[in-house]
Amino acid sequence: MRGRGSGKDRIFVNRSLALEKIKCFGFDMDYTLAMYKSPDYEELAFTLLLEHLVAIGYPPEILAYKYDPTFPTRGLVFDALYGNLLKVDSHGNLLVCAHGFRFLKGAEILHYYPNKFIQRDDMKRFHILNTLFNLTEAHLYACLVDFFTNCSRYVNCDTGYKHGNLFMSFRSMYQDVREAMDHVHLSVGAVGKGLVVGCLKEKTLENLEKYVVKDPRVPLLLSRMKEVGKVFLATNSDYTYTDAIMSYLFNFSNEDKADVPRRPWRSYFDLIVVDTRKPLFFAEGTVLRQVDTDTGKLRMGTYTGPLQHCAVYSGGSSDVVCDLLGVKGKDILYMGDHIFGDILKSKKRQGWRTFLVVPELARELQVWTEKSELFEELRSLDLFLAELYQHLDSGSSERPDISSIKRRIQKVTHEMDMCYGKMGSLFRCGSRQTLFANQLMRYADLYAASFINFLYYPFSYLFRAPPVLMAHESTVEHSHRDSGDGVTALPPWLAQHGDPGQQVPQDSSGEEEDDGEA
C-alpha cells in the first residue's frame, strides 16, 4: 500500500484530534462514501435540469448549453436581485462578480454593489451554493442569464427581463431553478410510484459504472474502522437508492482483488439511518422509523427499541444516534462533503468532531505546487510594496508611486486564479481567502480529498494542528521586540496563512490535543 507522501493522500488539520479517542466513525453517503464521476455525473444532472425547465415553459434554445466543468466552483453566491454569481470572502467583500459568463469590472460592479460588499445574512436575496450538487445549479444560473441577456426577444432590466407584457425577475428564475433541482433530485421511491420522469437517481442507477466510483479500498477501510470502534451511516437519500449504491460499492468479485471477504454492505455498519433530512437531523430531527429491508417500505409507528444488528432506520436525529450507539458528541468523527449540512451543524449543535471531504483538493494542490513561481512573485511584490513605505511616517510628504505594482499584483492574481478555473480557486482569490475557506477552517477539524486517506494513518495517530499566529505575533520577531526595527517584511496575509514556499499545512503528530471546539 502506498504511503501518504503525496498531498492528495494526506489529511490536513485545523484542530488537533487524537484518533485513538474516537469511538465512532460516521459517514454521509453522497459524495463521501459514494463518489460520483466528474464531469459525467454533473453533465447528466445539468441535462435533466435543462429538460425540466423547458418542460415548464422555458425556451427550448437553452438545450444547446452544455455543462462546462471549468466554470463553476463551490461556495459561490447567487444574487437573486441582480442575477449575478459572486465570489466573496468571509465578511461579504466581493472577490469576483459574473453576470452570466461575463465577468464584471470596476464601474460595473459599483453599479450593483457601491461598497463592493454584500449582506450575507440577507438569505432571501443571497443564496450560497456550497455543495457539490450545487455545481450544476451555479452553471445553470450563468447559462440562463447569458441566454436571456443575449436573446433579442427580451429587454434587459437590472432585476430581470421583459418580454411584451411579461416580466421575469431573477428571483423567479432562482425559484424555477430550485424547483427543478428538487424535481431532479427526487427519491427513487417517488419515481417508482410514477410521480416523475427525469430523476437523477433513477438515471444514475441505470448506469452505475458510468457515474459512480468503485474503490476496493472502501470496504477495506470500513472493516478496519469497525475493528477499533463503531461505524454508522447517516444519509439524506432514501433506502431504495442507498441500498443500490452501497450494494454496488461493496460488491467485489474475486477478480476485483479486494483485500476483504465479500459480505453484505450492511454488515460494515453498526447503525444505518436514511432519510435524515440534514441539517434538521442535527436539531430536533424527525420521527425515527424502521425500514423493512425486504420491501423498502417504512414500518408503522415510531421505533423505540434497542439497536438491532444490520437494521435500517429512517429519520431520527443526531441525539438518537448517540443514544442508540451509546456515545457522546466528541466520541464521534463525522465525515461528509456538505460544509453546512454535514460539518457546520454537526459541529455547532452537537460538538461532533468533523472531517470535510474536498475532492477539489487534488486539483488545488496540483496548482499550488506547479505554479509556485506565481505565489512567490506575489510574495515578492508584497515585500517590495512594504519596503517602499518602510522609512515613511506621519510627517512624510512623499507619496510612493505604487500604481505599477498594484497592476502587476492584479495581473499575477488573475493568472493564479485562471490556473484553477474560470471562477478561480475554491479557497482564495490571490491573497484573500474565500468564504468557503473560512468555513472550512472554522468548522472542519480535518479535511482531505477523500476519507479513504485514513488508510494511510494508524488508529493511534494524533493529528496535530499547526500553530496559528495573530498578526502582531507573526510580524514582530522575538529577538527584536524591544527595538524599533523588529517588524519583519513578511506581509500579514502570508504570515497568517502560510508562506507559499511552505506549500500547504502539514499533518503532524505531537503530545497535545485540543478540545475540538470550533
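Backbone N, Cα and C atoms are what each Cβ position is placed from, and that goes for glycine too.
Summarising the annotation, TrEMBL assigns active site, nucleophile to ASP28. Under the heading active site, proton donor, TrEMBL lists ASP30. What TrEMBL records for ASP28, ASP337 is Mg(2+) binding site. If you look up TrEMBL, you'll see ASP30 marked as GMP binding site. The compositional bias 'Acidic residues' feature in TrEMBL is assigned to 509-518. Taken from TrEMBL, the feature region 'Disordered' applies to 479-518.
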Q: To the nearest whole angstrom, state the Cα distance for the pair the residue listed as 'active site, nucleophile' and ASP337 (Mg(2+) binding site).
A: 8
Q. In terms of DSSP three-state secondary structure, what is the assignment for ASP337 (Mg(2+) binding site)?
A. coil
Q. Roughly how many angstrom lie between the C-alpha atoms of ASP30 (active site, proton donor) and ASP337 (Mg(2+) binding site)?
A. 8
Q | Assigned element (helix, strand, coil) containing the residue listed as 'active site, proton donor', judged by DSSP | A | strand
Q) If you count the other Cβ atoms within 10 Å of each Cβ, which of the recorded positions ASP28, ASP30, ASP337 comes out on top? A) ASP28
